[in-house]
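S.K.: The following feature annotations were taken from TrEMBL:
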type: SIGNAL; residues: 1-27; note: signal peptide
type: DOMAIN; residues: 28-330; note: domain 'Plant heme peroxidase family profile'
type: DISULFID; residues: Cys38-Cys118; note: disulfide bond
type: SITE; residues: Arg65; note: site 'Transition state stabilizer'
type: ACT_SITE; residues: His69; note: active site, proton acceptor
type: BINDING; residues: Asp70, Val73, Gly75, Asp77, Ser79, Glu91; note: Ca(2+) 1 binding site
type: DISULFID; residues: Cys71-Cys76; note: disulfide bond
type: DISULFID; residues: Cys124-Cys326; note: disulfide bond
type: BINDING; residues: Pro166; note: substrate binding site
type: BINDING; residues: His196; note: heme b binding site
type: BINDING; residues: Thr197, Asp248, Thr251, Asp256; note: Ca(2+) 2 binding site
type: DISULFID; residues: Cys203-Cys235; note: disulfide bond
Amino acid sequence: MDSLSLTTTTALCYLVIVLRALPFSYAQLDPSFYNGTCSNVQSIITEVLTNVSASDPRILGSLIRLHFHDCFVQGCDASILLNDTATIVSEQGAGPNNNSIRGLDVVNQIKTAVENACPGIVSCADILALAAEISSVLGGGPDWKVPLGRKDSLNANQSLANLNLPPPTFNLTQLNSAFANQGLNTTDLVALSGAHTIGRAKCSSFIGRLYNFSSTGNPDPTLNTTLLQTLQALCPNNGPGTNLTNLDLTTPDTFDNKYYSNLQSQNGLLETDQVLFSTSGADTIAIVNSFINNQSIFYEKFKESMIKMGNIGVLNGSQGEIRTQCNFVNGNSSSSGLVTMTTKDSSEDGIVSSI
């Protein structure tokens, strides 16, 4: 082999190693993937979510969050939906997910409706991606063409869920690192955090900001004093921490850019929200300001970041499978059918995990 061929071969081997190490699979997903096999999948999911959200508007934020929690743990492969079995330790039992994620029952409703129309065609991973986009639209937010063609995983990874999902107490450096580990940059972090424009959070997610911020014995100085008083009334120190409040104080059920305006007024609910604007000298501040000044810019960046996140570690081709039931790998279903480990009343919404 001559030196040129050796150099070329070495470079190609290096490229393969680098690509395998990256969190993105670079799979050939396509928004038209189901056009010839299940062309009405989007309308089926839209009908289910329209009906559910009429009585439970929180579900829209919950489903965006569910997609996030799936993608940050071994990629967008619906592993978060798998229940405990003899061979699988469910990600639903991980600290950031336990008694926190919601919408699993709604995903099962969607899967049943899709299977009735197109049996064995649409993956649970694609259902999560489509449900997130449709939730944005039903909340008044942007729409985008969702790349499709994901397969469902054959396993789950609870330990990775505990490691990869950022808690609501992270500072900006920790948030940037968690997102960078998934191939996402600072703009992606700020844009995806904007999903907190809808949804709710439990007192337990921000109680430290109210009474003992960073073990100082005092409230978080970046929390608006009026909001502090309101939250202290809702969330007594040493209380159960189960009361819910809106992530967006201004328009809690509308997908808009008011989440960012709240940060400017120190009205971010979670520490991970407020650090985007209150961290001195941070490059996130200019991004927040741009989203405040122009909602269209926020929408465009949110769409780009959701598509980018939706490409993390996907399975396709001969990898994975199309599950018949989203809670179980094929051939290992429970006699009780489509069951889940959490109920919709025990949990919360949002992008950052433990909320």
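The backbone N, Cα and C atoms fix where each Cβ goes, and this holds for glycine too.
Please treat TrEMBL annotations as automatic predictions, because they have not gone through curation.
Help me see these features in their spatial surroundings.
M.R.: Model confidence over the domain 'Plant heme peroxidase family profile' (28-330) stands at 97, taken as the mean pLDDT rounded to a whole number.
Its Cβ taken as reference, Cys38 (disulfide bond) is surrounded by 19 other Cβ atoms within 10 Å in the chains shown.
For Cys76 (disulfide bond), the same-chain residues that are 6 or more apart in sequence and have a Cβ closer than 8 Å to its Cβ are His67, Asp70, Ala125, Leu128, Ala129, Arg150, Met309, Gly310, Asn311, Ile312, Gly313, Val314.
The Cβ of Cys326 (disulfide bond) has 25 other Cβ atoms within 10 Å, all protein chains considered.
All protein chains shown were included, and the count of other CB atoms within 10 Å of the CB of Pro166 (substrate binding site) stands at 20.
Using a 10 Å radius centred on the Cβ of His196 (heme b binding site) and all shown protein chains, the other Cβ atoms total 28.
Long-range neighbours of Asp248 (Ca(2+) 2 binding site) (same chain, six or more residues apart, CB within less than 8 Å of its CB): His196, Thr197, Ile198, Gly199, Lys258, Tyr259, Asn262.
For Cys235 (disulfide bond), the same-chain residues that are 6 or more apart in sequence and have a Cβ closer than 8 Å to its Cβ are Cys203, Phe206, Ile207, Leu210, Gly241, Asn243, Thr245.
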S.K.: Roughly how many Å separate the Cα of Cys118 (disulfide bond) from that of Asp77 (Ca(2+) 1 binding site), to the nearest whole number?
M.R.: 20
S.K.: Express the distance between the Cα positions of Thr251 (Ca(2+) 2 binding site) and Arg65 (site 'Transition state stabilizer') as a whole number of Å.
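M.R.: Here the two Cα atoms lie 18 Å apart.
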S.K.: Using a Cβ-Cβ cut-off under 8 angstroms and a sequence gap of six or more, which residues of the chain neighbour Asp256 (Ca(2+) 2 binding site)?
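M.R.: Expected: Gly140, Gly141, Thr197, Gln295.
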S.K.: Please report the distance from the Cα of Gly75 (Ca(2+) 1 binding site) to the Cα of Pro166 (substrate binding site), rounded to the nearest angstrom.
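M.R.: About 15 Å separates the two Cα atoms.
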